[in-house]
Amino acid sequence: MRAIQGALIVSSCIQIILGYSQLWGICSRFFSPLGMVPVVSLVGFGLFDRGFPVVGRCVEIGVPMLILFIASSQYLKHLTVKRLPILERFSLIITITIVWVYAHLITVAGAYKHRPERTQINCRTDRANLISSAPWIKIPYPLQWGAPTFDAGHSFGMMAAVLVSLIESTGAFKAAARLASATPPPAHVLSRGIGWQGIGVLLDGLFGTLTGSTVSVENVGLLGSTRVGSRRVVQISAAFMIFFSILGKFGALFASIPFTIFAAAYCVLFGVVAAVGLSFLQFTNMNSMRNLFITGVSIFLGLSIPQYFFHYTSSAQHGPAHTKAEWFNDYINTIFSSPPTVALIVAVFLDNTLDVNGSASDRGMPWWTRFRRFKGDSRNEEFYTLPFNLNRFFPPS
């Protein structure tokens with residue numbers, strides 16, 4: 001735990017430096033709508049293994065959840081109560097509650113009493129005695145596990161994970177902006193978001209959370225499903241998360257929801273995010289063989305290379321990079337196990353080296369360029385100005 005804390009603290013510096021120095025914003029100058037198509041798409045498509053493969057572990061819960069969520073959020077979304085579109089706004093909460101109660105009734109009835117352990121883990125609502133073993137109140141504090149330890153090998157491995165998180169978050173930022181009907185994030189805003197994420201990773205290391213912070217892809221998909229993009233919703237959600245982290249019993253109650261229920265929702269939410277990536281194609285010329293080549297190759301390799309790394313690791317018990325330098329192995333195996341990261345490397349390289357002269361219009365650059373600067377569009381101030389007058393500390397550029 002202390003070694004992981006040290007690695008998180010060190011690796012957080014990458015995002016903080018790249019973010020607040022505006023280096024990531026400068027790097028984003030090489031991004032075009034065409035180059036972002038594979039990246040944003042694979043932020044969603046790359047998580048396909050968390051969708052129906054997990055639903056299939058408990059079909060009696062997962063399939064009803066999937067059908068109910070699609071029916072309520074799409075087919076019945078126009079039903080209103082006092083002009084409020086209840087099902088469009090709250091379909092996920094309503095369907096999770098219904099299926100959760102249904103799963104609990106099945107569990108109490110003893111349907112899984114003599115089933116295999118794998119089935120019980122994925123279907124039961126009382127697994128691992130989460131509620132009974134959780135404390136009522138537990139206030140986390142920095143360095144509660146002791147002083148962090150720092151190891152170069154661990155730090156390099158975590159740096160690779162942070163870089164992967166940075167790239168995946170960039171795709172998610174652009175998807176969230178599009179689903180919220182906002183302008184594409186200017187370079188300054190993109191860097192600022194990465195910098196704040198780095199601070200989150202630093203706090204994770206100090207508090208010993210075991211994992212770092214990154215963008216929640218399912219929440220981006222939920223933004224498209226509910227059509228709610230208010231900051232107030234995010235602020236209230238953050239308050240709830242802090243509340244449930246301190247009051248352990250309440251947090252354990254929600255943690256007892258079978259993951260199969262969430263996997264069914266992921267089938268829809270991740271699909272929405274992937275579709276947003278494909279929607280960037282409308283700003284490009286897809287009659288161009290150059291664009292077809294870049295899009296097809298980057299998406300295919302973005303899916304195929306991580307699959308190769310995954311299957312190789314499963315069979316050989318180590319990644320394809322297997323040298324005496326453990327830090328190098330962790331770095332390479334982590335980078336190339338991320339579909340959006342591979343897609344970014346391939347797409348941005350090809351997009352900026354293959355027949356670049358005269359292809360700006362085909363790449364969608366005329367539409368994209370004016371959004372690079374904060375003052376390039378008057379709507380940016382409405383979408384990206386920080387609350388509580390924080391812009392005086394982080395002025396737009």
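From the backbone N, Cα and C atoms, a Cβ is placed for every residue, glycine too.
Automated prediction, rather than curation, is the source of TrEMBL annotations.
The transmembrane segment annotation in TrEMBL covers 7-24, 30-47, 54-72, 92-112, 233-255, 261-280, 292-311, 331-350.
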**Prompt:** Are there 3 or more C-beta pairs under 8 Å linking the transmembrane segment (54-72) with the transmembrane segment (261-280), counting only pairs at least 6 apart in sequence?
**Reply:** yes
**Remote residues contacting the transmembrane segment (92-112) - C-beta distance under 8 A, at least 6 residues beyond either end** = 60-61, 64-65, 68-69, 72-73, 86, 119-120, 123-126, 222, 225-226, 257-258, 261-262, 264-265
**Prompt:** What same-chain residues lie close to the transmembrane segment (292-311): Cβ under 8 Å, and 6 or more beyond its ends?
**Reply:** 34-35, 37-38, 41-42, 45-46, 281, 286, 319-320, 333, 336-340, 342-343, 346-347, 350-351, 354
